[in-house]
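Input: a single structure, listed below in structure tokens.
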Amino acid sequence: MGDYQKMADAPAGPLPPPYPLAKLDSDKEGLLKGLTDAEVAELVKKYGLNEVPEEKEPLWKMFLKQFTGPMQIMIECAALLCFLIHNWPDFTIIMVLLMTNGTLGFFEEKSAQASVDALKAGLEKKMPVKRNGKFDSIPVVQVVPGDVLFMRGGDIVPADCYWVEGDPCQVDEAALTGESLPVKVPRKDDDGKPFSGRQMWSGSILKVGECQAVVSHTGVNTMIGEAAKAIQEASGKDIGVFEGKIIEAAQVLILITVVVVTFLFYFMYVIQGVEITEVLEMSLSLVIASVPVALPMVMKVTLSIGAKEMSDEGGIVTHLTALEEIASMKVLCSDKTGTLTTAQMTVYYDETAKAYNGFTAEQVLEFASLASNEANKDDPIDSAVLRAYAKSKGMTNVDDAVDKRKTLYSLDPEGFIGFNPIVKRTCAAVTAKDGTKWFCSKGMVDVILKTNPEDEGKQWTVDNYEEMSKQASKADADLGISGFKTLGVGVSKNGGPMKFAGILPIMDPPRHDTKETIRKIKEAQVAVKMITGDHHNIGKELARQIDLGTDIRTPDCLQPPSEARDLIVMKADGFAKVKPLDKHEVVQVLQDKGLVVGMTGDGVNDAPALAKAQIGIAVHGATDAAKSAGDIVLTKDGLSPIYTAIQISRRIFKRLKSYVIYRICITVQVVFFLAALAIFYNLRFKALYIILLALFHDLQIVTIAYDHQVAGAKPETPTVLGLLLQSYSMGILMFIQTMLLVSYGHLFLSDEYGDGYHQSMSSEMAGNEMNKYMETTIFLQISNSSAILIFSARTVGFFFSTMPAWQLTFSTALGQVLINVWCLWAPTGLVDKLKPSDVAMVWLYDFAWLLFLDLVKMTAGRLWDKYKPATIDRNPALQAKDRNSRRMSNNLRPSYMLAQVGGEELGNKVAQLPEGSRNSVRMSRTYKK
């Protein structure tokens, strides 16, 4: 969310609180008096209620919007022409397609309105608030800046506020900042940010302590409110990248058609004097031929099938356009906690742990477990210690491990002293089975070495303090550099001196599949950047563990905006210590560079960036806000479904590209054919045939959604020029194919065709439809060539090089069997009955040209690959090579890391080294960083 103080200074930022922050020190008593009803009424006028304003679009408006897009308007024009000439069958077919697509789009968009609802749900609670000198429980929606809140452990902080008095508290900000452990409030202020150590954010959870706090910001002025506003501003991803390019290509095609229609209208109506009804019917046939009527349907069906495939792989698609966008994704920005990691702290007790005074790492862990409260399962440290203890004993159930331990140690009466932020340690007095008395304590390393005489807990200084302090402090610092949090452990035996037993490192480890998934995504030519609110060293160490790269930056480099800033964002492997608006800023910079960006996350802090990115992915276990802002919600742990989504999306891209090439080809063929027929032969072609061809093949091609395709090795970047080059070169060739049959078909077809040709070319046929037998033959040729064209359009090589899906083959075969049987039997009189020999020759003619089409297609593809702009395939975010990361990957790694990412064999080799050698390996790794 960025620096809140900086935001407060910005004109467009949150309104400042109604009191100077200096009063937190100078007039604490005055602030704690609270507000009167009159003051509250004035503040409500200024700040509004403590809620996220909801700007819901009326359902009727949302429904009508489905019919106002460029493609929809084109289809509506075709429907209007049908209506004007009373062509009711075609009007009905077009309207059914239009309404079906609009209804699907309406229900898909309606689900997007859940975003703000999920954020508001967190505010609909009650809280003790001091009004008129006394505390009353009021709805948090009525809280205003200046109100005094009373909060206790377990409460969700309802507004941004400042701690004023009470217990030292622990606040869980994981869903807001990504910080794995609760933060202490009050604490030391951040540099240059007075009173930041007392700040508590709306949406965070008070885990330990009771306090009174004064509200500073409410509603949209809070961090969570800013997140909701960012989601609203970033919403509306109605048209995907590829769909936009398809619409542009279609617009070029329709522009050409408009020119042709205008010319033919003038030629037929003004020069030839044809009836206006017939002219309009011919215009309708051209419009329908040029407008991809079934495109919205094909896209919805294709994406819906992809969404079903994704759900089977552990991802629920909430916005279908996301499946289209992932094919073009060049950067994936990932949150750390809960996304790349398990969001569960892990205690390491191998050689990474430090043991002193003759104790082993396993003993240090056992002493730490004795000083842990098994009843407090919400405490992340105690839970992590007990899980590690159970694992060290070869047990999976913590309760079973604790029960077994109780047979070896019994807790003395009132022997356990729990954690509080003042003493910063837990203690336990126990008696072993053999009668030995043990006093165990765990906590911050410096506190375990020497307690603070001013706190109220049991006091001690460890034996041999000077030497132990040097060793422990150095080890603590080294572990901190490596990204670990640390836990010191001390013990006393039979009332003897306190001895420093050791240090246990703690880290939120990567998920088991994170490293492998990152590798696969990078191999798919997608750059991966980690964006986390956690500490810099922790983020850097995790990035090294998963081979992400160690160029991890802090938010300071994100301001002010500049070319240098943009270059840093492009090259960095990630960012640490960020707030939600920083994540939003990173996504914005990448998008401004023309990159399609994906963002994963699980918390409220991720919601603005999830909504801003073209592809927002909420991981398993994400908050409602993240799920609502995301386009894809993962239902399985880990990131592997994202790689699956990339593969699915790239296959979808190829299916849709096949349809677009196919559709433009047959449009060019038909439009150019009709124009050439009128200009060069002064003949007309039955408009009904063109309408039947366009609608029949559009419906037939819907099965392209099931086609077999292989995902590309790099992001798919659609361009209008690339689509037009391939499709127009093939379409013009198909036009030539049809015109050659018109001109020279009488040389190799039956006498009936020859007679029809000579009759059509006679002067008395000028301005009229061609002979019906010849017209039926041309209709069959266009129909057959258009149908089998899809088998060429779906491949980059020859049409027989890959096997199409059976659904596509079946629908194509079924459609052409019906057309050919119709032409052979002519039961309705709409077509002339063709001779079987002519039908067979037309098939041979079309297949021979199909091979030629493949050669032209491959030539056009190679020319495009050779001369297309280099920026199309280039991924600038992948060009930065982190040399330090590569050098680090060649070093031996400690077994704690290898165990996490799968290198157990090398870890065992390190473990077999002498202790001194192991330390040198570990320390060389640390200092080379």
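Counting starts with 1 at the first residue shown.
Each residue, glycine too, has its Cβ placed from N, Cα and C.
Automated prediction, rather than curation, is the source of TrEMBL annotations.
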Task: Which listed span TrEMBL calls transmembrane segment, if the choices are 58-81, 778-801 - done: 778-801
Task: Contact between the transmembrane segment (839-856) and the transmembrane segment (687-706) (at least 3 Cβ pairs under 8 Å, separation 6+) - done: no
TODO: Could you pull out which residues elsewhere in the chain have a CB under 8 Å from any CB of the transmembrane segment (687-706), counting only those six or more residues past its ends?
DONE: 87, 90, 93-94, 278, 281-282, 284-286, 288-289, 292-294, 297-298, 301-302, 304-305, 655-656, 658-659, 662-663, 666, 670, 674, 775, 779, 782-783, 786-787, 790, 794, 805, 807-808, 810-812, 815, 819, 830
Task: Secondary structure content, the domain 'Tify' (338-373) (per DSSP, counts of residues) - done: 13 helix, 5 strand, 18 coil
Open item on the list: Looking only at the domain 'Tify' (338-373), what is the model's average confidence as pLDDT?
Closed with: 90
